[in-house]
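Peer 1: I am attaching a structure below and will ask some questions about it afterwards.
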Amino acid sequence: MGKISSLPTQLFKCCFCDFLKVKMHTMSSSHLFYLALCLLTFTSSATAGPETLCGAELVDALQFVCGDRGFYFNKPTGYGSSSRRAPQTGIVDECCFRSCDLRRLEMYCAPLKPAKSARSVRAQRHTDMPKTQKYQPPSTNKNTKSQRRKGWPKTHPGGEQKEGTEASLQIRGKKKEQRREIGSRNAECRGKKGK
């Protein structure tokens, strides 16, 4: 007695075989090679199981998953951590020696920082500005002192003259003349008293 098979199964087999025969005639041997190669890699990756991540691959995966938040290599301990707890394993132990999935990687991402309120941003603005350089008085070397005694115009550190230097020089000149006159009068008075 022959095998009993249903009509749809026989039709499927015939149609499938005919389809493959037509395809076989039109496919080149290189196409068949690439098709077989794809099937082998697909089946080997499906049976290999989850992949482990170590070293630079692990860091790249964490950076991709966590983004700007950053990540920890050890699970961050909370405020109430106690020494009685079992030693915690790190991401390397979990993902390098065993398989690791996306949820496990996300556990090591740093928490999102809360958005700052408008008040704290305003209060922080003055601290974000770069510090200005402190004013340094000009050096007091002999040339500068002699220039001041001679009544030369003062200059800013940038080399520019102060506004109104001509007027201030005239005032200084008048004051010097007044001092000389007072000094000469005092000398005359002293000379008369000594006689």
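Placed from the backbone N, Cα and C atoms, the Cβ positions cover glycine too.
Pasting the feature list from Swiss-Prot:
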type	residues	note
SIGNAL	1-21	signal peptide
REGION	49-77	region 'B'
DISULFID	Cys54-Cys96	disulfide bond
DISULFID	Cys66-Cys109	disulfide bond
DISULFID	Cys95-Cys100	disulfide bond
REGION	111-118	region 'D'
REGION	119-195	region 'Disordered'
COMPBIAS	133-144	compositional bias 'Polar residues'
COMPBIAS	178-195	compositional bias 'Basic and acidic residues'
Peer 1: For Cys100 (disulfide bond), which of the disulfide-bonded residues Cys54, Cys66, Cys109 has the nearest Cα in space?
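Peer 2: If we rank Cys54, Cys66, Cys109 by Cα distance to Cys100 (disulfide bond), first place goes to Cys54.
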Peer 1: Near Cys66 (disulfide bond), which residues of its chain come within a Cβ-Cβ distance under 8 Å, counting only those 6 or more away in sequence?
Peer 2: Leu105, Glu106, Tyr108, Cys109, Ala110
Peer 1: For Cys96 (disulfide bond), write down the residues of its own chain that are at least 6 apart in sequence and whose Cβ falls under 8 Å from its Cβ; none is a fine answer.
Peer 2: Thr52, Leu53, Cys54, Gly55, Leu58
Peer 1: Restricting to the region 'D' (111-118), what is the model's mean pLDDT?
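Peer 2: It averages 70.
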Peer 1: For Cys95 (disulfide bond), write down the residues of its own chain that are at least 6 apart in sequence and whose Cβ falls under 8 Å from its Cβ; none is a fine answer.
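Peer 2: Residues satisfying the criterion: Thr52, Leu53, Cys54, Leu58, Ala61, Arg104, Leu105.
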Peer 1: So which one is it: of the disulfide-bonded residues Cys54, Cys100, Cys109, which has the fewest other Cβ atoms within 10 Å?
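Peer 2: Selected from the disulfide-bonded residues Cys54, Cys100, Cys109 on minimum Cβ neighbours within 10 Å: Cys54.
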